[in-house]
Each structure stands twice: as C-alpha cells, then as structure tokens.
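To start, the structure under review is shown below, and the notes come after it.
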Amino acid sequence: MYEFISGEVADRTGTAVILDVGGVGYELIAPLGAAFPAKGSRAKVFTHFSVREDHQTLYGFPRREDRDLFRILLRVRGVGPSMALGILSGLSADDLTRAVVQEDLKALTRIKGVGKKTGEQILLDLRDKTALLAAVSGDMATVVTTTPDAPTTSSNVADAVTALISIGYSEKEAAKSVEKAAKDVGEEDLEALVRAAMRA
C-alpha cells in the first residue's frame, strides 16, 4: 500500500522513527539502531504496512533492501514481524545471507528470541532463496538524506543502550553489553554497535 514515506524526522527512539509529513506524525516501527538521519532532518523511509484484526502497523526501513529482507523473513514459518525485526537488528544483510548459505545456526540463535527450532526453520525455508538473499543484500546503497547533524559518538552509545532496554534488557545489562561492543566495533556506527551489543 505504501512504498515509502518522505518527511522530517520528528523523533527517534530505539524501536521507531516518527516522520512529520505535512503536519501529520507517522510512527514507523524499525529495527534497533536503524540508520535514520538526525532529528530535524529529512528522510525517505521504505515501508511495510501490516493489517491485523486488532491493529494496523507501519514498519520503516532506511533502505529498500532492508525492507525486502524483512518481507523475505516474514515468509518463514513461525517468524512474525517482531522476530523479523529482531533478526535484522542483530544481523546485517550480508551476515544473514552468509548464515543461510553456510547453514550457520549459531549465528541465528545468538539473536534474542531466536531458539534452535526457529533457527532451523529459517535455514530450511530460506535454503532455496539464497540467490534472492544475495541479490537483495548485494547493493546496500544508502537512500536516506545525510546531513551535518549526524549523531555524535556519545549519543550513539546512549541510543544503543536505550534500544536494548526497549527490548527487555535491564539498564545494567544494556550498558555492559554496549560498553563491550564499543570496544570491539567502535562507537561511530549505531547499527553495528547495536548488533554487536546484542551478541555480547
């Protein structure tokens, strides 16, 4: 229904971005640490619209490729939107493709909420879609507007901690995981920092 939504970033949280489009605020649920522009900047967000009996939800992604991977994951038996977001929060597109090609179950089960049974189902259902996964992850061109107002290193650490707390980590666990991840991957890339923290 909606391919993308363009507007000004009114707010960002660990699990969502709020876009102001002509005075209307759209909440788009997103992977943890997704690389959206800073508050006050313009962004083009690719969307997936989900309709269920009790609610309607817009999911947002900074790149078309991320959105397409999300949709591929939704085809897996037993994987819903929340788990698909969790997988994309914990693994980059290349890492997900590599895990499927190499049948790396451990890479999947390291993600919070993905058990052995679900991990095996993901490998089984996506085994014949490796070419599609590779095609989708092959060109991760940035499609969001970059500005001089990019988040600072210290704000990335705070955002990463907030993101982990929003999915159930205690404040102490989140801070400890982010601290360890920052030593491994640095603090400049929020997405990489969150992914590393989830594996810490």
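Backbone N, Cα and C define each Cβ position, glycine as well.
What TrEMBL records for 71-90, 106-125 is domain 'Helix-hairpin-helix DNA-binding motif class 1'. Here TrEMBL flags 153-200 as region 'Domain III'.
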Give residue numbers and ranges for long-range contacts of the domain 'Helix-hairpin-helix DNA-binding motif class 1' (71-90): same chain, 6 or more residues beyond its ends, CB-CB under 8 A.
15, 29-33, 48, 50, 57, 59, 96, 108, 110-114, 118, 121-122, 125-126, 129, 132-133, 136, 163, 167, 194-195, 198-199
Composition by DSSP (helix, strand, coil) of residues within the domain 'Helix-hairpin-helix DNA-binding motif class 1' (106-125)
14 helix, 0 strand, 6 coil
DSSP assigns the residues of the domain 'Helix-hairpin-helix DNA-binding motif class 1' (71-90) as 14 helix, 0 strand, 6 coil
